[in-house]
Every structure is written in C-alpha cells, then in structure tokens.
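The ATP binding site annotation in Swiss-Prot covers Asp177, Glu178, Val179, Gly180, Leu181, Gly182, Lys183, Thr184. Annotated domain 'Helicase ATP-binding' per Swiss-Prot: 164-334, in sequence order. Positions annotated as domain 'Helicase C-terminal' by Swiss-Prot: 492-686. The motif 'DEAH box' annotation in Swiss-Prot covers 280-283.
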Amino acid sequence: MTFALGQRWISDTESDLGLGTVVAMDARTVTLMFAASEENRVYARNDAPVTRVTFNVGDVIDCQEGWSLKVEEVLEDEGLYTYFGTREDTQETAVVLREIFLSNQIRFNKPQDKLYAGQIDRMDNFVLRYRALTNQFEQHKSPMRGLCGMRAGLIPHQLYIAHEVGRRHAPRVLLADEVGLGKTIEAGMIIHQQVLSGRAERILIVVPETLQHQWLVEMMRRFNLHFSIFDEERCIEAFADAENPFDTQQYVLCSLDFLRKSRKRFEQALEGEWDLLVVDEAHHLEWSQDKPSREYQVVEGLAERTPGVLLLTATPEQLGRESHFARLRLLDPDRFYDYEAFVEEEEQYAPVADAITSLFSGEKLPDEAKNQITELLSEQDVEPLFRIIESNSDEEAKASARQELIDNLMDRHGTGRVLFRNTRAAIKGFPTRNVHLMPMDIPQQYTTSMRVAGMIGGKMSSEARAMKNLYPEEIFQEFEGDDASWWQFDSRVNWLLEKVKEKRGEKILVIASRASTALQLEQALREREGIRATVFHEGMSILERDKAAAYFAQEEGGAQVLICSEIGSEGRNFQFANQLVMFDLPFNPDLLEQRIGRLDRIGQNRDIDIHVPYLKGTSQAILARWFDEGLNAFAETCPTGRAVYDKYSDALIEILASGDTSTLDEIIEESAKLNKELKSQLEQGRDRLLEMHSNGGEKAQQIVEKIESTDGDTNLVTFALSLFDTIGLNQDDKGENALVVTPSEHMMVPSYPGLPYEGATITFDRDTALSREDMHFISWEHPMIQGGIDLLMSEGVGTSAVSLLKNKALPVGTILLELIYAVDAQAPKRSGITRFLPKTPIRLMMDSRGNDLSAQVEFEGFNRQLSPVNRHLGSKLVTSVQKDVHRLIEAGDVLVEEKVEAVRKQAQQDMQQSLNTELERLQALKAVNPNIRDEEIEAIEAQIKELTGYINQAQVQLDSLRLIVVSHN
C-alpha cells in the first residue's frame, strides 16, 4: 500500500466513518482523519484495513461545497487524483475538483459503488441476502400468511374462522364458540393476520380483570404480539410522554372495570383511534331496550369509533335471544336496530336451514326442498345445478353442484357473516371423561375445629359461612396458627400421595381453590414422599408461572405433579396430562367447567380421569353430589349449569351454611329436571346452519393441509441458521429439536430483534413448541426471522460479492455479472400492497457480451459451483475489469425494464381479479342479505383505485450484485 498526504481512503471495517484523508505518516504507521464523524484513526502501514477511493469517467461525485461533478477525465499526480468534468447544477464545463475537496459524507450505498470501493462482502452473505428476498416475496404472496407462525395446533374450525375473518377489511364479528373450543386463539389468529397485512396498527383488547394476564401471555406466547396492560398507575406514568396515555402504545390491554370506573380514562380510550377492538366475555354486558348497563355503554362507545370489532362471548343459547341481539347491535347498529324485527327475521331462517340440511344429506332432493331452494335463490337460475345433482354425472361434479347451492344459501343466511359459533356436538375429537368421586373419613381434628368455629361464627352472613365451611383445613389453621400442618393427617392428602405413587409415569394436575392450600400441598408431597411437584398461583409473576409450567411439561426430569390455585390456572392449558385431581370444589359450575377445561380441550388425545376426593359429611360432600347428580357437570360440559345455579344458589347457600341436608335431595332432583329441560331446548334450538358455516367443512380441511405442507420446511431451518451466524448469534444444539440462541459480543447490532437479552430456546417443530411453553416456535412469521431479514436489508449485508468459477470449458478470466434487482411499490402497509406486489426480486445473469443467461443458469445449482475469494484479491479483480462491469450494469438496467413491466402487469391483474371478485360477490349479496355493510363495499372500491396507482408507480433498483471470474486452478 502506498500512501501520500491528502489521499482519500475509506475504512473497510467502519464504513460509517465516511471518507478519510491521510494527514500524517511515518515509517510504520499512517493517520487518517475522518472529518464527517470527527474521528482520527492510526493504522499500521503494511496492512491497514482501508481501501483507496477512486472514481471513474461517468461517475457523479460531490464536492465539500455542496455541488456535484460528472467526471469526464481523471489525472494522477504523485499519488493524488484530480477530476475534470461538468458541474451538475450550472452545467459549467472543464471544472477541476482535486480529491482533497471531495465531500467527507460520501457513503457507498449503491452495490456497484461498494464493489468499486473494495467494500466486498462475503459470498455466503450475498447468497443469504438473495434467499431472504425470495423467501420474503413468497411469504407475502401466500394466502396462508398470518396463520402459519402461531404456536397452536392446526385445528380446522379455528383456522377456517381466522382465515375467513382475518382477510376482511375492518372485520366486525361475534365469536361464540362453546367453552374449550379456543375462542382466544381464533381472536389471536385474526389479530395476527390483521397486523401482518397492515390492516390493523392500533389494537385495544378489553377483558375482565382476572383474564388480563391470560390474554397477555397468550398473545405473547402464541403470536409474538406484545401488549401492554393499562391500569390507573400505568396511565399516570404514561402521562409524562403524551397527553393521552393510550397514545404511548400501539397494542393495549385493559380491563372493562378500569374503563367503567373512570370517565376520564374512558374518554381518553375513545380518542385512541384504534383499528381493532377486541372484547372478551362480552356476554357479561347487560342490555335491555330501555336500560343498557354502563359496561354495555362503554363497549358501545368504543365500537362506534373503531372500524374493526371482535366480540368473544358464550353461545347465543346460553345468552337468551334479547341478549344475543344486543351483541349483534354493537357490531352493526344500522342493521340490528329493532329487536322485534330481528326475532321475526330469525324465524324466517328455518326454511333455509331445512334446505341446506337436505342438500347435506346427499340423498335425492324432494320437490318440496327444490321449491324452497328455488324460492330462496330467486335471483339465480338453479335448474342447471339440480340437473347435475340428479343426473348420472360423477360424484365430484354432483358434490360441487351441491356445494355451490349450499354456499349461495349460506351467504344469504342472515347472520352468517357476523356470527361464528361451533359446538362440541358439531366438532369431533373430544376425549371421554371418567369421573371418580371418593368419599373419605373426616379427621377428628377437623370435626373439633369446625364445631368450635360454628359456635363463634354467629355474626357471619350465610354466604360467608357457606364459603368458609368449604375449606376445613383453613378453619383448623385459624385455631392452630400458621405452623399447623393439617397435611400430616388430612385423609385427602394421604390418598393423593398413594395416587401419585401409583401413577408414577403419569403427569397429574391438582387444582385447589386457594394459593395457600396449593403451596402446603407441594410441601406435603416433598416432605412426606420426596415427590417432584411444582406450584402455580396468582402470587407468581408470569415468568415464574412459565418456568413452573415448563418444568411440569418436561418429559424427563420434570415435575410429576403441578398444583394450581383457582386463579393461577385460568387460561393455562395442559393437554399433555390426562389426570386431574380436584382437591376441593369451587362454588360455581362455570369455575368447575374451567378446571376440567385445563385438560379437556380440543387437541387432548387421551381420555381424562377426574378424581374428586371429598370429606364425608362436609360442605364439599354436598357440592359434589349437586354437581354430579344435579348437573352431571363432571362427566359432560354443562352449558346450562349457570342458569340452574342462578335459580338454586340461594337454597344451596343455606344448606352449606347450616349443614342441614334435609332439603338437599329435593334440590338435586329439581336441578336435574331443570337441567334436562334446558339441555333439550338447547338441542332443539341448535342452529345447524350456523354450525355448518362456522366449522368450514372441506375448506377448513384444505387450510390445515396447506399449513401442514409448510411446517418443517428445511429451507427455513437452513436460512435461519445462516442468518443467526451472519448476525453473530451463538447457537448451541440442545437436542429434542431445540437450539439455544444467545447474543454474542461480535454482533452486527447491539440487540437483535425478538431475542431477549439472556437469549432464547428455539424450535422449528410445532409439536415440540406446543408441549414446551418456554421455547420460541420459529417460523417465517416470527419476529426473529422478520427482524433478521429487515436487518440484512437495512445494514446492506451482502450487496456486493466476488466469486471464482472453476470451469475448464471457459477461458480463464471470463467474467459473468449476477445482478439482483428489487421492484418495490412505495405504499402504506395498510393499503394491502404486499398481497399483490411485495418487494419482488428479479435476477439477471449477464455474460461478457451483455446477454442474460438467468433462464438457463438456476441460482442454487450454480452457486454450488462457486468458491469465495478474500477481500484483497476481490478488490484487485474488480479493479482489472471495472470498465466491463460498468458496461454490463448499463446493459442490465435496460434489460430489466421489460421484466419490471411484466411484474407490474401481473400485480395489476392479480389485484383486479381478487378484489373485483370480492366486490361483485358483496354487491350481489347486498341485494339479498342486509348483513353486508356499505363500508365494506366502499373500502374495496377505494382500495382498487388506490392500489392501481401504487402498482403503476412501482420502481426498480439494483439491490445487490456479484462478479464471477473464471479460473482453472
């Protein structure tokens, strides 16, 4: 390297310093001053990591005074360059610019500039960049985008609802699946799709206070969506950053109570300009025509101002008709304006349901059914379809004709677009429940303490006394003090220890009402038998609960028993276990259902054993009988339980408080009778039509198959590992399909997106991720992959490379130039541009004559024949063929235009076809189904117009290039 004072060089390792000037030299070192960043660097002369900056004829260069020069001639004198040419601003000719006056800010951002400046990247980085571009393009175009990356089993009805609703513009929908069918996951999938497609940027979730953490965890664990819980404290903190605290976060989660109690916070939430509002447990919003509750008004206010609304609620039958109408009114007040009209309309659906039932049966259609269908579809000619169904055509043609009729009828079915509801009856795949009720002798110690408590507790209300009597161990402890070890003599504990030993290989979930009971049970198992157990209660942080859940889930060396308190277990699911022990019983059938629902969920592969040990002659024994004989609530899900409970709870409280069981048999008998009546009403009122629509039938199955085919994509694994390598993350193989990824000191950026400071355990396997909550499930949609790709693009990794091709058939020194262009439409994400024209890579492979060989030379196969070169040799090769490279880039720029035009044309065609089909369908439906909102139609019309403009203006630029030189050795 020969240096001279005043020469301009650029640092290879710190390109952001700008252009440096040689300001001092001695025999061993050279000093460069980087004026743009006000830094000096001293390098050893013989191997300084710097590259000489030289420009060629045709380049445009900037002067320190702010004007630019188009170079026409370059002279070198004593190691310094002088450039001659024309000023760009004044068009003055024969202007002289000495290199000392070059702008210090010059950065080599264009790939060709980096190549000429010797800033040559590693060959594998170039390959990684190209793969990132192509994979990202394919992901954006996929119709399953937003559904593949969630940590959840592939359950057809959930995926169907999410796919159906998630693609709509500002969906307004009621999700009313029965318990255990996964409404939260459906809502999460819809949110995830809306976020990825850019349709929703600001989201507000309103839930009952007890469910806040569950939602926070579910959104983070399953969908990598990080919500912030807002309460009064958080709002006061946020006030420092913004007038309206809700403006400080994009994804907000808060309780309904919080908005109800404070008018100020409610008004601030109203001004939050949300794109999507999600309300869980919406059946608790009470409404009547003359007097809506305050909670209802809060949600109504938010729903009026928010374009997209998801309401999650119990099934409509549990709600009753009026209450169900009130939910629909929140979604579309113009359409559901009058309760009487709604009732009348509902009654008209009976013939539609009958018609569909006869189509589904696959048998010959009776004339009556045909007349009904013809009448219902009066605006279309259905005769040809009837003919196909009755002809001797193949089964497939018949099935598709039936399906077409069904689809058309479904579309006309009033609430089909607004309401989705699945029942266990309509969905297969639930386990059987085996119930074991075990009466046990009551220890003497309890009898004494309960008798004494009965004498002193005269002033308590019946309800308080009934609650207290449910937990004899707490009464005993009150008398004996906190050190009292009731678990040394409690017969339920003795039974539990035996049970756990008997089921050595099985995971057992124990649920108790109180956190204190759960903690003491763990102590009993540990101290009396050395059994590995872990606890889960509301006093623990989310992270601690996760660790406990992961310890329980571990196959080897994990806990055999997990003991949960009532609140601690809310919203957590342990499908991998099938043994449930209820150490005590909750007072309310909904809570009982929730306990069983921890194991009895869609996705449970085995039958469930439910063990209920209870002490004879206590309140627990009374409750156990009522749940079992009155409601059959242990053996079956009990959608009617709440209604029966509301009717008989006062009588039950009296019995539990006084211990007088003389009326118990009568209450059990009446409860069972009422329960039976309510259940048969439910069965008759089952809206089969709605069920057919909600579970998606064949379509749902196809979605599952499509996603299954992308699971376990080896392409993703290879890509992710090279991405982590390039960015500088440490990777340790953990076995069991798992890797541990941690930040290193040599990372390209100080913190990696989506990766916690302490690192993370990741897996690419869906089943592993489902059984291990502490692992991240990596898919193309995961922030670690998306963020990594964004990093590659923004940091300019792999934009220029040089490779050698060893091929004796070609003369030594032959060059090829691989050019990667990217077509990009500058448009806001919410416009939906990425569906039709995401960033699209176009690859050209130029030979030395300027022909494009990309059609004959496939990327991956060709890449395997190339070998990398070091930066020094690469720089020399570039310098020797720089003029040829210039010429080939110019030829490439001309050739690529034709391909860009084809890309634009294809995007326009896809967009017009997709959106016009949807538009025509909605317009046709509008005539017969008032559930189509005008806004939906207007939104699509506006979107078509907007996208046409964006696609026409899409630009192309050179993203990266690779020079390939033929050698023989």
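Cβ coordinates come from backbone N, Cα and C, glycine included.
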The number of other Cβ atoms within 10 Å of the Cβ of Gly180 (ATP binding site), counted over all protein chains shown, is 22
For the motif 'DEAH box' (280-283), the DSSP helix/strand/coil residue counts are 2 helix, 0 strand, 2 coil
Within 10 Å, the Cβ with the most other Cβ atoms among the binding-site residues Asp177, Glu178 is that of Asp177
If one takes Cβ-Cβ under 8 Å and requires six or more residues beyond its ends, the residues near the motif 'DEAH box' (280-283) are 174, 183-184, 187, 205-208, 211, 215, 299, 311-314, 318-319, 323, 327, 330
Near ATP: residues not in Asp177, Glu178, Val179, Gly180, Leu181, Gly182, Lys183, Thr184 with Cβ within 8 Å of the site Cβ centroid are Asn422, Ile602
Long-range Cβ list for Lys183 (ATP binding site), cut-off under 8 Å, min separation 6+ in sequence, same chain only, gives Leu175, Ala176, Asp177, Asp280, Leu312
Min neighbour Cβ count (10 Å) across binding-site residues Val179, Leu181 flags Val179
Between the binding-site residues Gly182, Thr184, the one whose Cβ has the fewest other Cβ atoms within 10 Å is Thr184
Mapped onto three states, the DSSP assignment of Gly180 (ATP binding site) reads coil
For the domain 'Helicase ATP-binding' (164-334), the averaged pLDDT of the predicted model is 89
